[in-house]
Structures are given as C-alpha cells and as structure tokens.
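S.K.: Below are the features I grabbed from Swiss-Prot:
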- 1-14: topological domain 'Extracellular' (TOPO_DOM)
- 15-35: transmembrane segment (TRANSMEM)
- 36-58: topological domain 'Cytoplasmic' (TOPO_DOM)
- 59-79: transmembrane segment (TRANSMEM)
- 80-100: topological domain 'Extracellular' (TOPO_DOM)
- 101-121: transmembrane segment (TRANSMEM)
- 122-140: topological domain 'Cytoplasmic' (TOPO_DOM)
- 141-162: transmembrane segment (TRANSMEM)
- 163-190: topological domain 'Extracellular' (TOPO_DOM)
- ASN170: N-linked glycosylation site (CARBOHYD)
- ASN179: N-linked glycosylation site (CARBOHYD)
- 191-211: transmembrane segment (TRANSMEM)
- 212-247: topological domain 'Cytoplasmic' (TOPO_DOM)
- 248-268: transmembrane segment (TRANSMEM)
- 269-276: topological domain 'Extracellular' (TOPO_DOM)
- 277-297: transmembrane segment (TRANSMEM)
- 298-323: topological domain 'Cytoplasmic' (TOPO_DOM)
Amino acid sequence: MATVNTDATDKDISKFKVTFTLVVSGIECITGILGSGFITAIYGAEWARGKTLPTGDRIMLMLSFSRLSLQIWMMLENIFSLLFRIVYNQNSVYILFKVITVFLNHSNLWFAAWLKVFYCLRIANFNHPLFFLMKRKIIVLMPWLLRLSVLVSLSFSFPLSRDVFNVYVNSSIPIPSSNSTEKKYFSETNMVNLVFFYNMGIFVPLIMFILAATLLILSLKRHTLHMGSNATGSRDPSMKAHIGAIKATSYFLILYIFNAIALFLSMSNIFDTYSSWNILCKIIMAAYPAGHSVQLILGNPGLRRAWKRFQHQVPLYLKGQTL
C-alpha cells in the first residue's frame, strides 16, 4: 500500500503563519460567503415566493447554496486545524472534515459543469440531430441530473472515510536536554485510494466542461464565418454571448485546476501542517469558490442589477438605523 506520512509537534506552531493563514483565507472565505449568500438569497427568495425558477436559475441556486456550504466548512476546518489541533487531530473529526470537503468540492464542480452545459446548449448553434435532442430534453432532465450529481459526488467521497486517512497522537515524545515530553501528531494517507476516488470524482464533470468549451468555440467559429465581413459582426448579440460564455468557462477552468491541485496536495499530507506550501494550498482552495462567485455575479445582468440595488439600499438602511 502506497502511503504518505507526515508529523507535526506543538513546537511547529508559528503565530505569524497561523495569523496570516486565518486572515488571508478568512477574507477570501468571507468574500465568497457574501457572494454565494447573495446569489442564494436572490434565487431562494423567488423560490420561496412560489415562483417557478427557470432551469438556469435553479442550477445557480443549487451551485450557490453548495458553494456557500463549502466556504463555511472550509473556514471551520482552517480554524480547527490551526487553533484547535487536539480536537481536529482526533481520527473521526479529521476524516469527517476531509470527506465533507471532498463531497462539497465534487458537488460544486458537477453543478458548475451542468450550468456550463445548459448555457452551451442555449448559445451554441449546430444542426446535428443529437444536439437538437439534448436542447429539447435538457429542461426536463436537469432536475434529475442535479440529483444524480449529488449521489455521484457522495459515492466518490464517502469511501474516503475508510482506509484512506489515519491520524494518531503520541504524547510521550521526549525533548532532548529536558525531562519533559511533547505531543506529536502523525498523519497517514493511502495515496492509491485517494488518487482513485479523488480523480474519478472530478473526471466526468471536467470532461463536460472541456466539451462545452470546445462546442462554444466551434459554434463561434461557424458563426463568425457566417457573418463574413458584416460590419455589425462585432456587435452581434450571438457573438457577444459566445465570447462571454467562453471567457466565463476559461476563467472557471483556470480557477478550478489550481484548486484541484491544491486540494489534492492538502489531502495527501505531502507537506507539513505549518509549512509555507500547505498554507499556500489553503489560500488557493479558499480563492477558487470566492473568485467564481464574484464572476457569476458580474457575468449575470440580473444579479449585477440586484447587487447594485443592494449596494444602494444598505447605506440607506444603516442611515435609518442611526436616526
């Protein structure tokens, strides 16, 4: 069995590193929580009023809610892993944090992938019968596909609770030139199982993203050739929609690839708990959901207008409270 072992003692704690990690990742998480919470509140309020949400808005609600959960969970894990080490390094608590983190990451990726597939089918233009069939059926199938995505994410994250992570503590490590002892925390990771379940959980949605981006690029190329030398080509709404969707997909893929690498390295325990590389992984992991939540708001005209109204109303509300 291929395993990776790391250890850390109480002396490894650096107050500067702990403070720096908590502040930077905390700012990122709070930014993401505000963004995801805003999206959830907008679409959740419409759903609570009994309105039937369009398919795209329904996916956005699921994505923003799962992302809100992920960011809150990441903040909790950072606090526990850095400030409450005794509790965090209990085997059951450690495994619980890792499994739920992977589950929420996989769910987020699936929901984001379905969102891109949905907009690809709306924007791209092909004459193939299969494309027309998918375009007609996607609205009916989407609720079931979202539920299936949750089950698939669970099926590739729950096995991580068995025979992958193991944490134990030795409280009797002697300190040289001293009669006292110190605690030493040992983490063991089964790399074979981690690589299999982690990669299988992200493989299909990443392929969906790449296919959606490829179809959008091909559709844009066909549309550009069709427009020819039309002087209004650069202002054509279809071309703008294509370019906007391609930019959004590219932005997400860049963010997610960095996040996937950072999450895997963090899960594998390759780096020491308080090493600079491990801190960098935590910061990258917090940046991905925050960055994509901001991009979703900026890239959606309805959410952009709602955010501007929110910014205008908050000072008025605060002013009224002080009177």
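Glycine residues also receive a Cβ, built from the backbone N, Cα and C atoms like all the rest.
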S.K.: Which stretch, 59-79, 101-121, 141-162, 248-268, 277-297, tops the Cβ pairs under 8 Å count with the transmembrane segment (15-35)?
M.R.: 277-297
S.K.: Which of 59-79, 101-121, 191-211, 248-268 shares the most C-beta pairs under 8 angstroms with the transmembrane segment (277-297)?
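M.R.: Between the candidates 59-79, 101-121, 191-211, 248-268, the best contact partner of the transmembrane segment (277-297) is 248-268.
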S.K.: DSSP on the topological domain 'Extracellular' (269-276): how many residues come out helix, how many strand, how many coil?
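M.R.: Grouping H, G, I as helix and E, B as strand yields 1 helix, 0 strand, 7 coil.
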S.K.: Where else in the chain does the topological domain 'Cytoplasmic' (36-58) make close Cβ contacts, counting only residues six or more beyond its ends and a cut-off under 8 Å?
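M.R.: Residues 64-65, 67-68, 71, 115, 118-119, 122, 138-139, 142-143, 146, 289, 293, 296-297, 303, 306-307, 310 contact the topological domain 'Cytoplasmic' (36-58) from elsewhere in the chain.
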S.K.: When the topological domain 'Cytoplasmic' (122-140) is classified with DSSP, how many of its residues are helical, how many are strand and how many are coil?
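M.R.: Breakdown, helix to coil: 14 helix, 0 strand, 5 coil.
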